[in-house]
Structure formats: C-alpha cells, structure tokens
Amino acid sequence: MWRVPRRLCVQSVKTSKLSGPWSRPAAHMSTLLIHHPQYAWLQDLGLREDNEGVYNGSWGGRGEVITTYCPANNEPIARVRQASLKDYEETIGKAKKAWNIWADIPAPKRGEIVRKIGDAFREKIQLLGRLVSLEMGKILVEGIGEVQEYVDVCDYAAGLSRMIGGPTLPSERPGHALIEMWNPLGLVGIITAFNFPVAVFGWNNAIALITGNVCLWKGAPTTSLVSVAVTKIIAQVLEDNLLPGAICSLVCGGADIGTTMARDERVNLLSFTGSTQVGKEVALMVQERFGKSLLELGGNNAIIAFEDADLSLVVPSVLFAAVGTAGQRCTTVRRLFLHESIHNEVVDRLRSAYSQIRVGNPWDPNILYGPLHTKQAVSMFVRAVEEAKKQGGTVVYGGKVMDHPGNYVEPTIVTGLAHDAPIVHQETFAPILYVFKFQDEEEVFEWNNEVKQGLSSSIFTKDLGRIFRWLGPKGSDCGIVNVNIPTSGAEIGGAFGGEKHTGGGRESGSDAWKQYMRRSTCTINYSTSLPLAQGIKFQ
C-alpha cells in the first residue's frame, strides 16, 4: 500500500487547492452523490439510493435509516437501513443453520470457496477501492491496497486450509495414541472499525471460514456502504456455489447491535476492532458469559532512531507511518524518539518533507494525504493540539484545520513535550507526531514501553547487538517489533496484534487460525488392556 513515486509529492499542504466535485460548494450538489453521473459506478457494486443493511441469505432491514457521507466534502452519498433487534435474531438463527452445512464441508473445499471469494474481489478491486476512498476518505492507492489485502488473505487462507491441524504426541501408555483435534467454534461475530472497513473484516472472515466457522459482521455505521458492497460480492460467490448466504451474514447497526453480539452466548467468538475504551466494555460483556473475544484496540506506537541510523530510511518511514491514512491507522506512529545527536537534523528534514505532501481529492493519483473521517475527528485533533501546547509542546509544523471543504487538517509535528506528558500517553486518532530527544538505549526502551498500549514499534540502527536486545525480553513489549522499517505496513503472513491495552488478540497469518478453533486433547486406546493413571488397579 501507498507505493507512490516521490516525484508526486510536490504540492505544499498549506497551498494545496482541492479540485473537482469533492470541493464544490453545497449549492452545486444534489441531495445524494449517488445521483451524480460521476458516481454512476456505485451501481456496478450493487448500490443505490436506498440500501438494505441486513443480509442472511436475503436482503432486508427494519431498523433506522442512516445516511453516509464523503469525508472530503461532507456531502451525503446514499442511505442504508440498519438492522433491528428482530433482524438480528432472525440472522443468528439462519447463521446457525448454515453452520450445519458449512462445517461438514472438508477444509480444503472450504479453502476453494475462499479462494473464489478472493478472485471476486480481485475483479472488483478498482471499484471497491474507489468506494473505500469515497466513504472512508483515504487516498485511492490506499483504498485499492486495502482491497488487495483481502485478496491476499484469501489466497493465504486457501493454502492454509490444507495445513491446519494438531500434532500426534507420544503417549506414556502402550497401545495408546495421543492426538490434538482442532474443530471450529461455530459462529464468529466480527465488529470492525471505519479505518480499514474491508481489510480487517477480510483478515477475520477468510481465516474463520476455512476453519469451519460462519460469520456475522457488523461494520462501522459510517462505512455502511462498504459493508453492503463487500457482502454483495461474497453473497454472489456463495450463491454461485449453491451454498447458504447466511454463511457470511451482515447486520449494519450501532451500539445496540454491537452490545447484543457481545452478550449473545450464541456468538462463539467475537472479534472486535476499535477504541480501547469500547473494547474494554466489549471484553467485560463477553467474559461475563465466559465467551471468547479477539480484541484489536488502540496503539500509541513509537519509532526510535539511534545515532547510527540511516536517515534516508528514517525520514520516509516516519512520513509514511505518521501521515498515511491521515494518521488514522492503529499502527500510525505517534511518538518519535531521536538520539540527541541527530534530533535537529531529522526534525528539519521532516518539516521539509511535510511541506511537500500533496493534499486534496483522494481520487487524484498524485494525492498522498486525504481528510479525517468525521467532523468529530477534526474536533479531537484541535483539542489535542491545544492540550499539547498547554503541556509545554511547540508546534513546529501544521497544527491547524485547513480552510477547505471536508475534514482536512494539517499534518502536525510537536516538539518539546516530556516523554510522559499526559497528552503523549493519550492516543489521538489524527496526524499528530510528538518528537523527543533521548540519550541512551536503556532509557528510550523504557519510554517505548511506558504507555498502556502495545501494538507496534520500530528502531533504526545498524548495531546488531542492539537489534537483538530490542527483540529480546528487555526490549519492546509490543506485538509488532520492527527494525529499520515503519510501524505500519504489516504483512498478512504474520500474526497481527498487540499486547496490554491493545487487547492481546492476533489476526491474519502465522498461527492466528487457532483463535477461531477449539482444541481437544484426545487419548485413544487401541489395545486390549486398560492402564490407568497413577497405576491404580481395580481387582
């Protein structure tokens, strides 16, 4: 994702002009963007003015009607009817029935279906990427790259479907076998956030399906059109293969639906992606019923650059990790620790790089930086910048709301704060980078670990010993621990997730498939004798 030639970064943030329909005054716009000829392609994704937000083999919805908006100009796109609690109950029932069919299909055959789902997304990658850009606000190359992640994880899951399983273990008893069996949990509930409305669902959905589960998805209300379009693509694949649509169900909705999922004992695993505050509430509700949860929550990620760091790697890495998706990734770098000997030079280089970021219409292939997702996010940005100033910080770049239609703010660099300032320890989902000086390895490793979250981290150094100390027990306490690359851009082949208040869950690659299955330890006696534990003998 975000592979854009450096030559395109030529227009200043502060002098950029937004052009095209994204920046037209409201007087020039009709009621809904979907009515405009330039958005006719939305119909190729099965979208229309009014969309049903419930799918369980058929489309419906009896809940509230909401309108989704384009963050680049805050114009309405289309409407979606959400799920009612009655819709939810019906969908759960149909999903449970669909599981009886899906679980009986051999894992490699399930993998073939998932591969076909990936192929279907590959065919729609440009259209769906444009929709992600339109409704979420990220630049087009990121929107397309996000859909590519779904394609990639489907390819990965298809191969994995032929490899999942447990070991055969040596038994202490003659004539006995000791094996591990892995079976599906049943119904996996998936609640995703606005910032990756396709990819995070894909990480969960593809792996959950090949492990024999059915899925119930609630996406973010503000990206409901993406949820509907994604589900339509999957539903067509299931229909073409004569399978129940309720294998992959959708219930668009708000907190009432999310709370119901968290409390529902029929939801065998609930995967939740969102804020730490809401995630804690979800975890408590699931734990209260002794259920399983998979949490991907906040991140207060750091990059550390030592005196021997290659600055030609550091500067673009920080730029990518700090302003990509306008600072709205869970892996966005929010803290930058620079050795005192290189601090001033790196800050100067970053200010120069920031001044060349091209801002504007997210569909323009030259653009590298789009809007925040909502007006509320803009307000949080403003409050965070003001609070940073009050706590002793100096804004050396940006810090203001941009005078353009839409939710645009300047990418911002703040220096001069204490490493443990309250605002630094608070995750603000916006492009604000706090920069600090450090003197030695021990103190900066401690600073990296002192925040409550533990998602992603990276150091830049050529010192081999330092690298392995960073990876070791006294190094980073994060789930993602990088060297000489950004905090963002995780590959699907590795397990994605973090520690501490990030939630502890793991998704996507490696052995994350185990999260979606239950393990049974099985002892099989194939002899004619019965050796009992502790040598007990019944006469």
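Note: Cβ is positioned from N, Cα and C throughout, glycine not excepted.
Annotated active site, proton acceptor per Swiss-Prot: Glu296, in sequence order, evidence recorded as sequence analysis. DSSP assigns Glu296 (active site, proton acceptor) to a strand in the three-state reduction. Sequence-distant contacts of Glu296 (active site, proton acceptor), defined as residues of its own chain at least six apart whose C-beta falls under 8 angstroms from its C-beta, comprise Val200, Ser271, Phe272, Thr273, Cys330, Phe496, Gly497, Gly498, Thr502, Gly503, Gly505, Glu507.
Annotation note: Cys330 (active site, nucleophile) sits in a coil segment as assigned by DSSP. For Cys330, the entry in Swiss-Prot reads active site, nucleophile, with the evidence type sequence analysis.
In the three-state DSSP classification, Gly258 (NAD(+) binding site) falls within a helix. In the shown protein chains, 22 other C-beta atoms lie within 10 A of the C-beta of Gly258 (NAD(+) binding site). For 192-194, Lys218, 258-259, 274-279, 296-297, Glu427, the entry in Swiss-Prot reads NAD(+) binding site, with the evidence type similarity to another entry.
In the three-state DSSP assignment, the secondary structure recorded for Gly489 ((S)-2-amino-6-oxohexanoate binding site) is coil. Other C-beta atoms found within 10 angstroms of the C-beta of Gly489 ((S)-2-amino-6-oxohexanoate binding site) number 18, with every protein chain shown included. If you look up Swiss-Prot, you'll see Thr331, Gly489, Ala490 marked as (S)-2-amino-6-oxohexanoate binding site, on the strength of similarity to another entry.
In this structure, Lys86 (N6-acetyllysine) is part of a helix by DSSP. As annotated by Swiss-Prot, N6-acetyllysine applies to Lys86 (among others).
According to Swiss-Prot, the feature N6-succinyllysine maps to Lys86 (among others). Within its own chain, Lys86 (N6-acetyllysine) has Arg62 as residues 6 or more apart in sequence whose C-beta sits under 8 angstroms from its own.
The N6-succinyllysine feature in Swiss-Prot is assigned to Lys94 (among others). Listed in sequence order, Asn56, Gly57, Pro244, Ala246, Ser249 are the same-chain residues six or more apart from Lys94 (N6-succinyllysine) with CB atoms under 8 A from its CB.
In this structure, Lys94 (N6-succinyllysine) is part of a helix by DSSP. According to Swiss-Prot, the N6-acetyllysine annotation covers Lys94 (among others), on the basis of a large-scale study or a structure entry.
Marked as N6-succinyllysine by Swiss-Prot on the basis of a large-scale study or a structure entry: Lys97 (among others). There are 14 other Cβ atoms within 10 Å of the Cβ belonging to Lys97 (N6-succinyllysine).
The N6-acetyllysine annotation in Swiss-Prot covers Lys97 (among others).
Taking all protein chains in view, 11 other C-beta atoms sit within 10 angstroms of the C-beta of Lys462 (N6-acetyllysine). Residues or ranges marked as N6-acetyllysine in Swiss-Prot: Lys462 (among others).
Sequence annotations record features per position, and here Swiss-Prot assigns N6-acetyllysine to Lys500 (among others) based on a large-scale study or a structure entry. Around the Cβ of Lys500 (N6-acetyllysine), the same chain contributes Lys452, Gln453, Gly454, Asp477, each under 8 angstroms and 6 or more positions distant in sequence.
Taken from Swiss-Prot, the feature N6-succinyllysine applies to Lys537 (among others), supported by a large-scale study or a structure entry. Lys537 (N6-succinyllysine) carries neither a helix nor a strand DSSP state and counts as coil. Under 8 Å, Cβ to Cβ, and six or more positions away along its own chain, Lys537 (N6-succinyllysine) finds no residue.
Positions annotated as site 'Transition state stabilizer' by Swiss-Prot, on the basis of similarity to another entry: Asn195. Secondary structure at Asn195 (site 'Transition state stabilizer'), taken from DSSP and collapsed to helix, strand or coil, is coil.
Summarising the annotation, Swiss-Prot assigns transit peptide to 1-26 and lists sequence analysis as the type of evidence.
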Cβ-based isolation winner (fewest other Cβ atoms within 10 Å) among the binding-site residues Val278, Ala490: Val278
Residue among recorded positions Lys97, Lys462, Ala490 with Cα closest to the Cα of Phe194 (NAD(+) binding site): Ala490
Cβ neighbour count (within 10 Å, all chains shown) around Asn195 (site 'Transition state stabilizer'): 24
Which listed residue (Cys330, Thr331, Glu427) has most other Cβ within 10 Å, given these are recorded positions: Cys330
Candidate nearest Val278 (NAD(+) binding site) in space, where candidates are the recorded positions Lys97, Lys462, Ala490 and distance is Cα-Cα: Ala490
In three-state DSSP terms, the structure that Glu427 (NAD(+) binding site) belongs to: coil
Residues Thr331, Gly489, Ala490 binding (S)-2-amino-6-oxohexanoate per the record - widest CA separation, whole Å: 9
